[in-house]
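Q: Provided herewith is a single structure, encoded as structure tokens, for subsequent inquiry.
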Amino acid sequence: MPTINQLVRKGREKVKKKSKAPALEGNPQKRGVCVRVYTTTPKKPNSALRKVARVRLSNGYEVTCYIPGIGHNLQEHSIVLVRGGRVKDLPGVRYKIIRGALDAAGVKDRKQSRSKYGTKRPKEK
């Protein structure tokens, strides 16, 4: 417990909040180029082939990004928009690719939660 005099001299040190998406450097999104598109397996209780991409961002960082939704058109050299947001069962994946922006097409035949997957409103008949 510091004395009042010690607090006057030094003061309290503010606890610095660590960024959960440091590669974005405080920006909401960053543009990048796919270096490698591949699948990986999730952590223990789950089983699947999760679609991920290694992306070189415009600021020089290289990060692993999750590709959400069913099916995608991404390949090497695709230009993508990356946002923060981790995937709980994929260690080291702290970013997601935004569907429907730049080279990443929206999810086909998506009826619900369309805005999250970059899908246009279906035609009414």
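Here the Cβ of each residue, glycine as well, is placed from N, Cα and C on the backbone.
Residues or ranges marked as region 'Disordered' by Swiss-Prot: 1-28, 104-125. If you look up Swiss-Prot, you'll see 9-20, 113-125 marked as compositional bias 'Basic residues'. Among the features that Swiss-Prot reports, 3-methylthioaspartic acid is placed at Asp89, with the record citing similarity to another entry.
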Q: Does anything in the same chain, at least 6 positions from Asp89 (3-methylthioaspartic acid), have a Cβ under 8 Å from its Cβ, and if so what?
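A: Pro42, Lys43, Asn46, Arg50 - these are the non-local Cβ neighbours of Asp89 (3-methylthioaspartic acid), listed in sequence order.
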Q: With H, G and I counted as helix, E and B as strand and the rest as coil, say where DSSP puts the residue listed as '3-methylthioaspartic acid'.
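A: The residue listed as '3-methylthioaspartic acid' sits in coil per DSSP, no helix or strand.
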Q: Could you give me three numbers for the compositional bias 'Basic residues' (9-20), the DSSP helix, strand and coil residue counts?
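A: Tallying H, G and I as helix, E and B as strand, the rest coil: 2 helix, 0 strand, 10 coil.
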